[in-house]
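As recorded in TrEMBL, the features of this protein are as follows:
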- A:GLY25, A:PRO26, A:VAL27, A:GLY28, A:SER29, A:GLY30, A:LYS31, A:THR32: GTP binding site (BINDING)
- A:1-16: compositional bias 'Basic and acidic residues' (COMPBIAS)
- A:219-234: compositional bias 'Basic residues' (COMPBIAS)
- A:21-191: domain 'CobW/HypB/UreG nucleotide-binding' (DOMAIN)
- A:1-22: region 'Disordered' (REGION)
- A:219-263: region 'Disordered' (REGION)
Amino acid sequence: MGASHEDHHHTPDPHGRALRLGIGGPVGSGKTALTAALCRALGQSLRLAVVTNDIYTTEDADFLRRAGVLDPERIAAVQTGCCPHTAIRDDIAANLDAVETLEERFGPLDLVIVESGGDNLTATFSRGLADRQIFVLDVSGGDKVPRKGGPGVTTADLLVINKTDLAPMVGADLTVMSRDAAAVREGRPVLFTSVRQEPEAHAVAEWVTGVVEAWAHEHRHAHPHAHAHAHAHAHAHDADSPESSAHDTGSPEPGHGRDRTPV
Amino acid sequence: MTARAVLATAPGPGGRTVLATMSSAPPITLRRTGPGQVYLVSTAAGPLGGDDLALDIDVAPGTVLDVRSVASTLVLPGPGPGSAPEESSMTVTARVGAGASLRFAPEPTVLAAGCLHRMTVRLELAPDARVFWREEIVFGRYGEASGRCRSRFDAVAGGLPLLRQEFTVGDPAIDASPAVYGDARCVGSTLIAGPPGAAAGHPQTPRTGGGRTSDSLSAGGRRTREAILGDGWAALPLAGPGILVSALALDAAELRRRLERGETEALSL
Amino acid sequence: MSAPSLNAALLLLADSRLPAGGHGHSGGAEAAIAAGTVRDLPTLAAFLRGRLATSGLVSACLAAAACALSAPAAGSGTASAPAGDDAGERGMPSPAARGRAAAGVAGGLLGGWTELDAEADARTASPAQREASRVQGRLLLRTARRIWPSPVLDGLAEAVPEGAHHPIALGAAAGAAGCAPEEAALAAAYTSVTGPATAAVRLLGLDPVAVHRLLADLAPDLERTASTATAAVTPGLEQTVSTVIAPGLERAATAPSAHTADSPPPSPAPTASAWAELPAHSAPALDLLAERHLRAGLRLFVS
């Protein structure tokens, strides 16, 4: 318990720690469902932990715990005092504390997912908290949302458009959404999915795997274990272009990431 | 009036406790009512403004003492009408030696309108001493505005601070605050301190049942004991070896019921 | 005196935008609102006044004590020159001298931190409140160590690894930022009411201007609280300098690298704590509210 133990509090040193992935998006777009899907898809190959930022107490954390996708102890809940965007952007102290507590207790980890509380289109993660971020929209919010943009839509490392199965019912044109998103995102990837129909969200999981692999590659010199990385290599992802799995066809890509390497 | 009463125990034959010193000082009169049991009997009105009263208690290692009172203490303003209110004070100092046990549970202190009172408790516990210490303050007689009072309680166990708390009564803007006493007219607390399982050594055998020991893992990974919460009372595990039962109530009878409920739960922790 | 009488760092420390997790705490206001005892401006005003007079005052005292302990000005004197005399004054030495003094005094302080933290524990009967205070303290110290790097803050993190109580972290941060104890006390008193006030604005939809008017009305009380706290701290500071810090400095002088993970902080002095006499005003309703909040099914704030 010396001073050196606390040193990582001093600088947000990326070396030797897990990738921190923020998942944000409006209320009801499916952030928690996507988080659960990623836990299902990646829980065997990556060492995972999750921080939820519930609006109300621990509802999202409890949902994840009940879903049984991850050891309940690896899910921490942060209360945000009515201001979910504050907790991921302006004052990230509580989230950082939760992330580091999980890393101390269960580390070394490969990936810590920080799921934001449902917010609006302007809510993005501070780079001091999330190394990469996914913004989740759903088609029932209207097919004009991508065109309207906003920092979440335009700057997230990955834009996920969820609930494609509802598109016919709500009259959303996925082609329009895809085109508009591409226009505002300057080449950053967009993925369409329906977590309800595809509970492991394979395309998204594959993107995350690529990002985690790239992160571990970049910062591995303080990350001595080689665990789980062989798996990611099997996908032959270029670490620098995780968007290789992205597409803009307007239809959900069939899952193809099923060859998970057992741990 | 200045008075200092002294009470001290000593180990007697056969492991019994004898009262080595029992020195009354009117208005504080001490009466032995059983082995290791003493009643405080007030033999005059008050304390009144200007009174400076003290009670020193020394519970020798390995002995047991139980202190009670016959009636509540009514604190009254000084006799001089019109003059600036004079403060009355009551100071209780208690040392509880190794393996000793003290129960101190007098009847409530009632702050009559216009009084200006200071209550001080200094409690010094050996590391394995046990104590059950109840304190009840009633804000004025029925239908009466409260007098003013400052109460300070300091308990040190094994040289480390266990509990320090002050109650200030008599500033209506503070008393009625929903953060302080709210609409309550009485405040009470009971400190139950000692090594784990302290309940067994208390002079009053607690009722059993209702115990709910629960641990929670804090963010820092430490196991902390959780409080038990009731209607108007809580049994609060302290950072040190002890539990504080804290209660608020509209009247003295309700306060006592709440404290006793919390004490029962605390003793079962 | 000619030294500056105000320190702008105080504004940063007291600002609710300081990224130290404060926005997630309502200081009992959410539970009071749920219980119906805070429901409008008058009840909020009474809540804030009572909170300031009790836990606000205690926090201010602990913050002033921590600031006095940590301020390099207090530690830069030698062991033979107790710092109590200028506890309430500024007179900051040069940054280099501050650095040397801070590094030297950090080792001597470990026992002082442990002792002060135990005093905060003894004044916080509710486990929910202790936990909330330590979480906030840990987050504040994490933030402060990046903003105002100082061996004194490192030493506090080392002495209380589970997270120092919030007012202590606040006072230490204030000291590291060059504030005087009275400024630290003012910041502690201020944050003891602004947190609940902001929470009430959000939860009750109160007019934010009207709520700020309440806070403005409390300004004289905040100042009084800060000066009461500063005065209360002075005797304890003198004692802790002579019984804890001076021996610590001597140890540090004889063994320059004594301040390492291998040398555990000295245990608190067996005699009465230097801070025993600090105010200990208790707020039973806040204790009950804090515990009730922890058990509420629906809550937006940590505390």
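Residue numbers in this text run from 1 along the chain shown.
Just so it is clear, glycine is given a Cβ too, placed from its N, Cα and C backbone atoms.
Known features from TrEMBL, placed on the structure.
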residue	record	CB count, 10 Å
A:GLY25	GTP binding site	29
A:PRO26	GTP binding site	20
A:VAL27	GTP binding site	12
A:GLY28	GTP binding site	14
A:SER29	GTP binding site	24
A:GLY30	GTP binding site	24
A:LYS31	GTP binding site	28
A:THR32	GTP binding site	23
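Mapped onto three states, the DSSP output places A:LYS31 (GTP binding site) in helix.
Look at A:PRO26 (GTP binding site): DSSP puts it in a strand.
Each residue in A:GLY118, A:VAL136, A:ASP138, A:ASN162 lies on the same chain as A:GLY25, A:PRO26, A:VAL27, A:GLY28, A:SER29, A:GLY30, A:LYS31, A:THR32 and has a C-beta within 8 Å of the C-beta centroid of that GTP site, without being one of the site residues. Over the domain 'CobW/HypB/UreG nucleotide-binding' (A:21-191), the average per-residue pLDDT in this prediction is 90.
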